[in-house]
Amino acid sequence: QEPVFLRKKITLLRAFALLIGSMIGSGIFISPKGVLKNSGSVGLSLVVWFACGVLSMFGALSYAELGTRITKSGGHYIYILETLGRLPSFLFLWAEFFAIRPANSAVISLAFGSYMLEPFFAPCAPPVPAVKLVSLLGYYMILALNSWSVTWSGQLQTALSIVKLLALALIIVPGMMLLAQGHTENFQDAFDRQSLVLDKLPLAFYAGMFAYSGWFQTSFVREELVRPERNIPLAVIVSVITVIVGYMLTNVSYYTVLETQDVLASPAVAVSFAQQAFKSLTSVIPILVSLSCFGTMNGGIFTFSRLTLFVASREGQWPPLFSMIHIRRHTPLPAVMLMFPLVTTMVCIGDIYHLLNFFSFSRWLFIGLATLGLIVHRYRHPELQSPFKVPLFIPISFTIICLFTVAMSFYSDPVNISIGCTIVLSGFPVYYLIIHKQMSDYFLWTKLFFPPPLSDYLTHKLQLLLEVVQQEVKTY
């Protein structure tokens, strides 16, 4: 009988935990190898890590302003829709559903499965089928939790954020102790020009930015944040600074203990670090890392269900069933459940590093377009007084760097980048044949293959089965 809508249950602490939990995950444990391989030297790899942190801060500040200007949840999608229009937003929706999100979730899930099984098979590598099975089981557990309770998933995120910081501390502390004792031999000739590979730098940035990705997560749940005009800027600034410091110290610790060839040869850098730094915790580090990845999966599912599926269907670019929420639990149940077939497929057939390059092109292309939208929005609405405003050079710099990196990556990895580009471009005919020619409240394909009475009947039966209803739209 009472109105059904998403409640404001995300406090500043939960927003901070969501950001920390989303950023600190599989990236810092798998990306060092990719950054080092594509930068060519220890010194340049550390420069790339710091530059990625600064770039993430620029993006986070730009998104913080967008989050105070645009009062809807949805992150990249809703920002592009409100500033650049329906076509760019649908192309992002298309790429996010078929490339970005399933590939990203598959990478994190595979890292979770690999680290979870590492103690049981050491010193051998875990069997690939076992890794994939454990990866899927972990992903399905997170799906079930996010379908059941917003509060529980938020509390889990807070708890696992502490585990993530503990995992980093167990890497940083012994590394800094060894560095203080004078173990600096691995930093000799840190900027060796013989191994410099400038044409691969965009891929190094992709790996580094993947580790930092997550700074935009609060924008996905804007409608559920308590005091968003205050808590969004505060949460992103504190969390990104925390992660930059943690990542720099972690990488210095890696290179203090491991030589360059050890990092490049290791399938799991944190495990190799533990084996050489302290044998007594060799089995503890992989478990903490796997829990860290588990938290990243939770944060990703929590926000994605409110992004391309839930918000897009509410805006008329996705079937209306996926804008409905559970009548008692107030969770976007249909949106949470839709992604698991694609993620399952990519986990079964994918490889971590190929998937990483594959989805990074589309992700950073549209993030760059979203910050470009901030510049456009300022120009179109100079009268709008935003409670949080950043200097204009921040979104301009971030946009230029994102789009330049995306353009350069065609030269660095033409195969995977071309596949990603093709997926984005394939959205053009879909948009003009289906979305652009919507008739009434139904999609064209729905009218062609499912006449309105049948479509209404199926939607109604699924509503009864899932116990979901259309939420009351509230603008805070």
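Note that Cβ sites are derived from N, Cα and C of the backbone, with glycine treated the same way.
Marked as transmembrane segment by TrEMBL: 12-30 (among others). If one looks beyond the transmembrane segment (12-30) by at least 6 residues along the same chain, the residues whose Cβ comes under 8 Å of a Cβ in the stretch are 107-108, 111-112, 115, 154, 157-158, 160-161, 164-165, 168, 210-215, 217-218, 221, 225-227, 230-232, 234-236, 238-240, 242-243, 246-247, 250, 268-270, 289, 292-293, 295-300, 302-303, 352.
Among residues of the same chain six or more beyond the transmembrane segment (42-64), those with a C-beta under 8 A of the stretch's C-beta atoms are 32, 35-36, 75, 79, 186-187, 190-192, 196, 201, 204-205, 208-209, 211-212, 215-216, 219, 232-233, 236-237, 240-241, 243-244, 247-248, 251-252, 255, 260, 367, 370-371, 374, 388, 390, 394-395, 397-398, 401-402. Sequence annotations record features per position, and here TrEMBL assigns transmembrane segment to 42-64 (among others).
Below 8 angstroms of C-beta separation, residues 63, 66, 70, 216, 219, 307-309, 311-312, 315, 317-318, 342, 358-359, 362-363, 366-367, 369-370, 372-374, 376-377, 420, 423-424, 426-428, 430-431, 435-436 of the same chain, each at least six residues beyond the ends of the transmembrane segment (76-100), sit close to that stretch. Here TrEMBL flags 76-100 (among others) as transmembrane segment.
Tertiary neighbourhood of the transmembrane segment (120-142): same-chain residues 105-106, 109-110, 112-114, 267, 271, 282-283, 293-294, 297-298, 301, 340, 343-344, 347-348, selected by CB-CB distance under 8 Å and a gap of 6+ residues from either end. The transmembrane segment feature in TrEMBL is assigned to 120-142 (among others).
The transmembrane segment annotation in TrEMBL covers 162-183 (among others).
Among the features that TrEMBL reports, transmembrane segment is placed at 203-220 (among others).
According to TrEMBL, the feature transmembrane segment maps to 232-250 (among others).
Positions annotated as transmembrane segment by TrEMBL: 287-312 (among others).
What TrEMBL lists as transmembrane segment is 333-355 (among others).
Beyond its flanks by at least six residues, the transmembrane segment (361-380) meets 59, 62-63, 65-66, 69, 76, 79-80, 82-84, 88, 91-92, 95-96, 99-100, 104, 206, 209, 213, 216, 392, 395-396, 398-399, 402-403, 405-406, 409, 416-417, 420-421, 423-424 of its own chain at Cβ-Cβ distances under 8 Å. The annotation transmembrane segment is assigned in TrEMBL to 361-380 (among others).
Annotation source TrEMBL lists transmembrane segment at 392-411 (among others).
Long-range contacts of the transmembrane segment (417-435) within its own chain (CB-CB distance under 8 A, at least 6 residues past either end) are made by residues 86-87, 90-91, 93-95, 98-99, 317, 357-362, 365, 409-410, 443-445. The transmembrane segment feature in TrEMBL is assigned to 417-435 (among others).
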Check: Apart from its near flanks, which chain residues at least 6 from the ends of the transmembrane segment (162-183) lie with a Cβ under 8 angstroms of it?
Finding: 20-21, 24-25, 28, 246, 249-250, 252-254, 256-257, 270, 273, 277-278, 281, 284-285, 288-289, 291-292, 295
Note to self: With Cβ-Cβ distances below 8 Å as the criterion, list the same-chain residues six or more beyond the ends of the transmembrane segment (392-411) that contact it, or say none.
What the structure shows: 55, 58-59, 61-62, 65, 199, 201-203, 205-206, 357, 360-361, 364-365, 367-369, 371-372, 374-375, 378, 417-418, 421
Item checked: Intrachain residues whose Cβ lies under 8 Å of the transmembrane segment (232-250), provided they are six or more past its termini -> 12, 15-16, 18-20, 23-24, 28, 46, 49-50, 53-54, 56-57, 60-61, 63-64, 67-68, 165, 168, 171-172, 175-176, 211-212, 215, 218-219, 222, 225, 388
